[in-house]
Amino acid sequence: MTCGFSRADRSPYHGPVTSTVARDVSGVRTYQVRTYGCQMNVHDSERLAGLLEAAGYRRAAEGAEVADVVVFNTCAVRENADNKLYGNLSHLAPRKRSNPQMQIAVGGCLAQKDREAVLRRAPWVDVVFGTHNIGSLPTLLERARHNKAAQVEIAEALQQFPSSLPSARESAYAAWVSISVGCNNSCTFCIVPSLRGKEVDRSPDDILAEVRSLVADGVLEVTLLGQNVNAYGVSFADPALPRDRGAFARLLRACGEIDGLERVRFTSPHPAEFTDDVIEAMAQTPNVCPALHMPLQSGSDRVLRAMRRSYRAERYLGIIDRVRAAMPHAAITTDLIVGFPGETEEDFAATLDVVRRARFAAAFTFQYSKRPGTPAAELDGQIPKAVVQERYERLVELQESISLQGNQALVGQTVELLVATGEGRKDSATARMSGRARDGRLVHFAADDRVRPGDLVTTVITGAAPHHLIADAGILSHRRTRAGDAHAPAGARAASVSACPPSGRRRPGPTRWMCLMNDDRNHDDPRLGALRTEIEAAERRVAGGIDPGARGFVVSILVFVLLGSFILPHTGDVRGWDVLFGTHDAGAAAVALPSRVFGWLALVFGVGFSTLALVTRRWALAWIALAGTAIAGAAGMLAIWSRQTVPAGHPGPGWGLIVAWITVLVLIYQWARVVWSRTIVQLAAEEQRRRVAAQQQSTTLLDDLPKPEDPAAGT
């Protein structure tokens, strides 16, 4: 499962970002949820948070290092997920010793798999629960506190659908909706079916009722979740519902009839069960997004057979062809495993060939991770790490070039974005905001004070990179939404609002700039457009190099040097070049050799280094031009004055000194501009950080939202 095209998406296990505090000021016990792994775990974590809040706990304040209750929702797909869990548990051990009232709970797939090992490796853990009984968490915490003993409860079968539990959603504008739990496939690399169980499907009525409820709360986008969504309908939990192979296509069409639902996504389908009725439903239902994430895993039929993936490369490519025929602009992404046991160079070459033919918008690539308990762990031909790494790097290089070409083709196109929060890791530094296009691509656009996460904007793509797009041309349209209102509640920024002077022609200084940007009442102030332009120019200046304005001043240095040295007449028929070259009797008599040497130095430094500064855009060369011209020009003047041979009114090589002083003034001006620019950029970054903090709705700690699940955790 996946959404999003960032570079980090290739390796989703980055460790959770920790959020902080212990006891709430009111005395209510606080909690913190740290999530590892796939979207299914993210969905479950929202339910865990909802259960704790329903039981009277309060989410820990943003920035807190720990809380009264810390819950780890774990992943068992890759070995590094194990390592990160136990590393974080070890980090909490001293806190647990110093605060015995603190409780630690471990749930999810790893807890389901290693129920005894968790307490053996981390005996300070209070609760261990599995994937099938997340609704038991509040009871288990209370029981552990009362009995002063660890509680381990692992159910072997699903007790209730997580979607029926209370939820504390991470987003006001987007929501996960689980349509099934478990998986009926038996991929040899995957441990998930043994941990999540056989597939069980929710009834369409239950799913649609949840979607309508979410839309009534202001949600604009839902993602339908399942380990294999296009197997939906084969194993309904309600025995009264007949087996229905076409149920998923009908579910998509039914979502299209819900008023107010702007976008529908789903993840993940299995190629073996992908049918044309789903393609037709995607193409014919306006709010179903033109995006498809369909795991390939390998382009080699031999490896696919060893993986027990019941399709072959040509079938997979045929599905892609039919999707693109129905939706030419669909973004298709995939999962790929490198280094599966027995993979030969020929097998890997077949994968590269399929990647070239498929032209994926993005591919989430993973190095095979040997997991005990899976059939693949017992296969012969385990690939050396160095070989896997080398193949992985080649695959990533190929896919990045394809992704870049695909994104570059979008430059100049108009896109609709659902403005997101937390998507752009550098938004605060670049004074940008981020959003997702309908095809799932991540777009960073110029920040606008009126736009909130959850709003919809249209803009034009101006730049491209392999994992994101840039839209710096400004916003064409902006639609405020109830989800945006939820992210910017009334009065949330009252403390930062101050009275600003009325609009005028005066350019604001830093303090006035902050006043303008902080005050929501000024969103129509025409000064803001000019200020945003100033910020962009400031960023370029601070980043280094000589900007277009500075280049004009350096050109003026060249003009003055040339005028002073060659063109302007001095006295009578003696001109500048006569002074420098000594070609005229008057020039030779007027200026001795040392003066001419210094005059030449002034010319070389003024013209030569100023020209180099223009070509290379290096400020250091401009400073050399300044220093050399000033020294040479001043020395030439002193040489002339000391000999007292200069004709009356003849400035001679003193033009070098004049040019030097002009250069001094120009560079002082440029230095002041850079100082101003740094101030503006710093203020912009501070303001953006303040906005992000104000918009953050919760502090549940998610490892990688939105990040792809490892292919072994999906289909």
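Glycine is treated like the rest: Cβ placed from N, Cα and C.
Features of the protein shown, as given by Swiss-Prot:
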- 1-516: region '(Dimethylallyl)adenosine tRNA methylthiotransferase MiaB' (REGION)
- 29-146: domain 'MTTase N-terminal' (DOMAIN)
- C38, C75, C109: [4Fe-4S] cluster 1 binding site (BINDING)
- C183, C187, C190: [4Fe-4S] cluster 2 binding site (BINDING)
- 408-475: domain 'TRAM' (DOMAIN)
- 517-715: region 'Unknown' (REGION)
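According to DSSP, C109 ([4Fe-4S] cluster 1 binding site) sits within a helical segment. In the structure as shown, the Cβ atom of C183 ([4Fe-4S] cluster 2 binding site) sits within 10 Å of 24 other Cβ atoms.
Across the domain 'TRAM' (408-475), DSSP helix (H, G, I), strand (E, B) and coil residues number 5 helix, 31 strand, 32 coil.
Residue density at C190 ([4Fe-4S] cluster 2 binding site): 26 other Cβ atoms are found within 10 A of its Cβ, drawing on all protein chains shown.
Neighbour density for C109 ([4Fe-4S] cluster 1 binding site): within 10 A of its CB lie 27 other CB atoms from the protein chains shown. Taking the Cα atom of each, C187 ([4Fe-4S] cluster 2 binding site) and C38 ([4Fe-4S] cluster 1 binding site) are about 17 angstrom apart. Residue pair C38 ([4Fe-4S] cluster 1 binding site) / C190 ([4Fe-4S] cluster 2 binding site) shows a Cα separation of 14 Å. Remark: of the binding-site residues C38, C75, C187, the most isolated position is C187 (fewest other Cβ atoms within 10 Å of its Cβ). In this structure, the CA atom of C183 ([4Fe-4S] cluster 2 binding site) is 16 Å away from the CA atom of C75 ([4Fe-4S] cluster 1 binding site). Distance between Cα atoms for C109 ([4Fe-4S] cluster 1 binding site) and C190 ([4Fe-4S] cluster 2 binding site): 12 Å, as a whole number. Within the domain 'MTTase N-terminal' (29-146), the DSSP-based counts of helix, strand and coil residues read 61 helix, 23 strand, 34 coil.
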